[in-house]
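Below is one structure, written out as structure tokens; comments come after it.
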Amino acid sequence: MEIVSGASGWIEVICGGMYSGKSEELIRRVRRAQIAKQKVQVFKHSLDIRYDKDYVASHTGLKIEAIPVSSSADIERLVKDDTQVVAIEEGQFFDMGLVKVCQRLADRGKRVIVAGLDQDFRGEPFGPMPYLMAVAEYVDKLHAICMKCGNVASRTQRIIDGKPAYYDDPIILVGAFETYEARCRHCHVVLRREEDEK
């Protein structure tokens, strides 16, 4: 990623499945900005309470302080005029207004970094993330390792009571290792109730 100093704002998206390193990459970019003495604000969706409600935390234990919010409007309202970098964790949990909020912040000259799942457990586009990917200047899609076969994993497998989840299960279910596995396209399974009834 080649960034021109003094340029207007822009949007960066860090996406991929669970365990692909999205939070670690967001934390890395935030820390680099802080080392450069840039004013940074970090936000995360209030639904994400897996590790700590007031921190963005990676599965590996890295963490950085964040402001928990429940809507994209909260982010726009709380961003200070002198903030140079706005980082947003768990972008997929936000309402569709996040796309416009990020665009307005970038138009105001801010560097906006959004990390989140690009696909839900079904393997379908998740919330505002695909729209953010379309309007972002920079998109990095990270991959994990399939927990079944060891191939490159781009999907998130939801596991309920040791079995793959059903297609019509609720889209949002906050969890970590006990609920989700990284999977490749071949090993990713989504059950359909009509198949079980045959």
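Here the Cβ of each residue, glycine as well, is placed from N, Cα and C on the backbone.
As written in Swiss-Prot, here are the features:
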- GLU90: active site, proton acceptor (ACT_SITE)
- GLY16, GLY17, MET18, TYR19, SER20, GLY21, LYS22, SER23, GLU89, GLU90, GLY91, GLN92: ATP binding site (BINDING)
- CYS146, CYS149, CYS184, CYS187: Zn(2+) binding site (BINDING)
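In sequence order, LYS44, HIS45, LEU47, ASP48, ALA115, GLY116 constitute the residues six or more apart from GLU90 (active site, proton acceptor) in its chain with CB-CB distances below 8 Å. In sequence order, MET147, LYS148, GLY150, ASN151, ALA153, ARG183, ARG185, HIS186, HIS188 are the residues of the same chain, not among CYS146, CYS149, CYS184, CYS187, whose CB sits within 8 A of the CB centroid for the Zn(2+) site. When each of the binding-site residues CYS146, CYS187 is scored by how many other Cβ atoms sit within 10 Å of its Cβ, CYS187 comes out lowest.
Taking only the Cα positions, the spacing between SER20 (ATP binding site) and CYS146 (Zn(2+) binding site) is 10 angstrom. Counting only the Cα atoms, the space from CYS187 (Zn(2+) binding site) to LYS22 (ATP binding site) is about 21 angstrom.
For the pair GLY91 (ATP binding site) and CYS146 (Zn(2+) binding site), the C-alpha distance works out to 23 angstrom. If you take the Cα of MET18 (ATP binding site) and the Cα of CYS146 (Zn(2+) binding site), they are about 10 angstrom apart, rounded to a whole number. As a whole number, the greatest separation of Cα atoms within the ATP-binding residue list GLY16, GLY17, MET18, TYR19, SER20, GLY21, LYS22, SER23, GLU89, GLU90, GLY91, GLN92 is 16 Å.
The Cα of CYS149 (Zn(2+) binding site) lies closest to that of GLY16, out of the binding-site residues GLY16, LYS22, GLU89.
The binding-site residues listed here are GLY16, GLY91; among them, GLY91 has the most other Cβ atoms within 10 Å of its own Cβ. Using CA atoms as reference points, the binding-site residues GLY16, LYS22, GLU89 were checked against CYS184 (Zn(2+) binding site), and the closest is GLY16.
CYS146 (Zn(2+) binding site) sits 16 Å from LYS22 (ATP binding site), taking the C-alpha atoms as the reference points. In sequence order, SER23, LEU26, VAL42, PHE43, LYS44, HIS45, ASP48, VAL56, ALA66, ALA115, GLY116 make up the list of same-chain residues 6 or more apart from GLU89 (ATP binding site) whose Cβ falls under 8 Å from its Cβ.
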